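Taken from TrEMBL, the feature domain 'Heme-copper oxidase subunit III family profile' covers B:27-202. Taken from TrEMBL, the feature transmembrane segment covers B:28-50, B:65-83, B:95-117, B:137-162, B:183-200.
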Amino acid sequence: MATANLDIHDGAHAHSHDHDHEHEHHELGFIRSYVFSEDHKVIAKQYLITGLIWAFIGGFLSILFRIQLGFPEAKLFWLKPLLGGWIDDSGKLDANFYLALVTMHGTIMVFFVLTAGLSGTFSNYLIPLQVGARDMASGFMNMLSFWFFFLSSVLMFGSLFLSTGPAGGGWTVYPPLSAVKTANPGSEMGMTLWLVSMAFFIVSQLLGGVNYVTTVINLRTRGMSFSRLPLTVWAFFITAIIGLLSFPVLFSAALLLIFDREFHTSFFLSDLYVAGQALDNRGGSPILFQHLFWFLGHPEVYIVLLPALGITSEIIATNSRKPIFGYRAMIVSMLAIMVLSFIVWAHHMFVTGMNPFLGSIFMFLTLIIAVPSAVKAFNYITTLWRGNIVFTPAMLFSIGLVSLFISGGLTGVALGNSAIDIQLHDTYFVVAHFHLVMGSASFFGMMAGVYHWFPKMFGRMMDEKLGYVHFWMTFIGVYMVFFPMHYIGIAGFPRRYYSFTNFDFSKSFTDLNMFISIAAIVTFSSQLIFAFNFFYSIFKGRKAPQNPWHSTTLEWTAPVNPGHGNWVGEIPTVYRWPYDYSKPGAQEDFIPQTVPYAATPESNLPHEIDDEELYTDTPEVKSAH
Amino acid sequence: MSQKIEISGYNAIPEEPQETLSMNPKKFALWLFIVSIIMIFAAMSSAYIVRKGDGNWLEFELPQVFWTSSVIILLSSITMQWAHHSAKKDNLGMLKISMVITFLLGVAFIIAQYMGWQDLQHRQIWLGGATSNPAGSFLYIMTGLHIFHLVTGIVFLLLVLIATFRDEIHAKAMNRMDMCTTYWHFLDFLWVYLFIFLLINH
């Protein structure tokens with residue numbers, strides 16, 4: 001049966017029949033099953049573990065520069081075994097290396113952790129399982145997607161060990177810092193590796209995104225109409241579309257930057273003096289790069305955030321034992337966010353000398369995003385309202401996401417004003433804003449997803465108590481780290497500065513900075529609890545039941561450890577939407593999507609019977625009318 | 001209302017879940033790749049316009065040979081469609097001939113574009129260096145990117161060409177042929193777009 005189904009998807013390639021046949025009936029070797037696997041579940045786990053490793057590396061880099069910011073007078077000789085020459089003879093962190101640290105922290109977290117680690121993991125894992133497909137549209141492309149990501153990871157990781165250091169011009173790689181090789185030690189080989197690594201990363205994202213969109217549209221099981229898709233799948237679908245439209249633009253920008261660096265073109269460079277020497281570049285515009293970069297860069301924010309929001313929708317509905325409030329409103333607001341995300345990029349550029357009238361248009365469009373975002377926040381809260389809430393660690397992280405989304409989003413409304421932005425631009429206020437709303441919120445979504453789908457992924461449960469400790473330390477820690485940054489930002493302290501003790505206006509923030517750094521170290525350390533819980537539970541966790549959270553979606557109808565092809569025998573058919581929780585009259589407080597209305601006469605609503613009539617055009621029904 | 005609720009007693013009727021909308025996933029994926037390629041060129045075009053609006057823009061005539069290359073690629077689209085048609089009609093001899101012609105026209109297009117670049121260099125319009133201007137650099141990069149994609153198209157074409165000589169393409173096995181035709185027409189359309197864009201904005 002499985003083979004037959006694959007054949008339908010594989011269409012005209014007659015010879016591919018045998019190929020699929022083999023897949024179904026022969027054990028694959030270790031390399032094909034765990035390394036170069038084409039199974040979406042294995043690829044998802046590869047993404048997850050690579051993403052988690054990156055999260056620890058990226059987090060650790062932030063601890064290094066937090067030590068510098070919190071303890072500017074400290075002697076850091078004890079870091080010498082790790083950082084070597086980057087700690088100078090007086091025990092100080094090298095200033096250029098500090099810039100490289102913030103650059104790599106941003107790049108790693110935005111792209112490798114929250115794009116690949118979040119959307120790569122959960123899109124791969126959940127799309128086929130939740131739409132009822134045996135695998136992704138193209139397992140081969142999916143495998144390529146991961147290995148391009150891996151290659152890009154290796155290059156980026158390698159750049160950390162260059163003697164000139166990794167790229168140091170900020171994760172936004174604005175020229176001329178990134179384009180002129182003499183601008184900063186990191187602008188030499190470090191920047192070259194950054195660009196090559198990102199080029200592979202974009203290829204990986206495009207291969208993945210094409211697969212996600214194709215799978216959602218073409219491989220849904222019978223009955224899985226768009227109005228019955230879980231919100232997770234909607235979120236991944238919209239995320240993939242955003243990625244397909246915006247990553248190519250980053251590719252163009254990176255390509256032009258590569259030409260500026262290696263072939264002496266002048267797209268982004270003009271009339272520069274470096275160390276008293278005039279460069280021969282004429283006629284370029286650095287602002288042009290910012291336009292191209294932020295045309296990706298802003299949608300990227302939603303590429304990072306939307307999967308987390310989708311995961312949250314699913315977990316909050318499941319653990320409130322209530323249907324999601326405003327299912328259609330959720331979809332419409334995600335679509336609205338998708339459209340708006342492409343027409344607000346210039347709010348990152350209010351202070352680049354942009355025409356103030358143009359600024360006011362971008363400001364207006366930016367503020368409109370508050371509307372769909374507020375709809376989503378409202379819907380989460382109303383779903384929780386009077387729900388029969390089960391506080392699993394996943395649920396706590398989801399609720400935490402809603403909190404961070406609101407508190408971080410509110411400052412976004414302030415920052416979106418082009419006038420207020422003049423004061424706040426590039427200060428710690430911005431850092432606080434996006435770390436709450438994009439960084440932490442998405443990270444919480446990722447953690448929620450890991451706790452929630454861990455039983456499906458590894459067939460075992462994670463330890464709940466450790467999960468609670470991890471949640472509370474992270475939740476309180478994140479607020480302790482990022483809330484004080486608002487004050488530093490309002491006072492006008494710029495981000496990316498190596499030292500704030502050199503300036504009179506910022507000297508008084510030493511204590512606050514020390515507080516933030518200590519909070520950051522504690523928060524980072526508490527992630528080790530998660531790491532232990534995660535890896536320990538993979539091998540030694542309690543065995544998971546088939547449907548531990550009493551959830552309605554399709555993935556929980558698959559075996560505890562689904563094999564290649566996900567379902568044994570026929571793919572389940574879908575009869576209802578995914579949020580039939582606590583339906584009045586129903587025997588249990590959840591009805592899986594695979595249960596037909598005919599089996600639940602006690603809980604059917606009038607319009608659901610109407611639907612039934614529509615597609616059973618039988619004489620009995622007509623006569624009963 | 002009350003009458004409708006009574007119907008729920010009729011639950012012996014199994015409802016038939018509907019088949020979902022779907023098309024061949026591989027063809028669909030090709031369209032998505034085409035969308036992402038369009039976005040690359042959209043980014044380039046808008047960058048071009050924005051940069052041109054800043055002034056300090058070198059004005060020069062496009063190479064005359066671009067007209068020839070446009071004719072070549074349009075012809076190759078016609079032969080490609082002819083090949084597609086022949087395959088559909090199981091006219092395998094004609095299919096092979098038209099595929100070979102399409103392939104040759106593709107190569108001829110690349111040669112013509114290269115001659116265009118040589119023409120530019122004769123007129124001292126450079127990609128990079130002290131005497132270059134973004135006007136020229138953009139021209140090289142946009143045509144170069146198009147050629148890069150055309151090379152991928154030729155590789156695809158070559159694979160299908162080999163398949164035709166193994167008689168693997170016929171009326172009942174059209175998938176690869178369909179996709180190849182779609183991609184080739186897209187590359188043709190892309191060049192026509194680029195050429196018109198450059199004619200208007202150079």
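Here, residue 1 is simply the first one shown, and the rest follow in order.
Heads up, the Cβ atoms here are built off N, Cα and C, so glycines get one too.
Under the criterion of 3 or more C-beta pairs below 8 Å, with sequence separation of 6 or more, the transmembrane segment (B:65-83) and the transmembrane segment (B:137-162) do not qualify as touching, having fewer than 3 such pairs. Packing against the transmembrane segment (B:95-117) from elsewhere in the chain are residues 62-63, 65-66, 68-69, 72-73, 75-76, 79-80, 82-83, 86-87, 140, 143, 146-147, 150-151, 153-154, 157-158, 160-161, 164-165, 169, 184, 191: each is 6 or more residues past its ends and has a CB under 8 Å from a CB in it.
Only residues 6 or more beyond the boundaries of the transmembrane segment (B:28-50), in the same chain, are considered here, and those with a CB under 8 A from a CB of the stretch are 138, 141-142, 145-146, 149, 179, 182-183, 186, 190, 193-194, 197, 201. Mean pLDDT across the domain 'Heme-copper oxidase subunit III family profile' (B:27-202) comes to 94 in this model.
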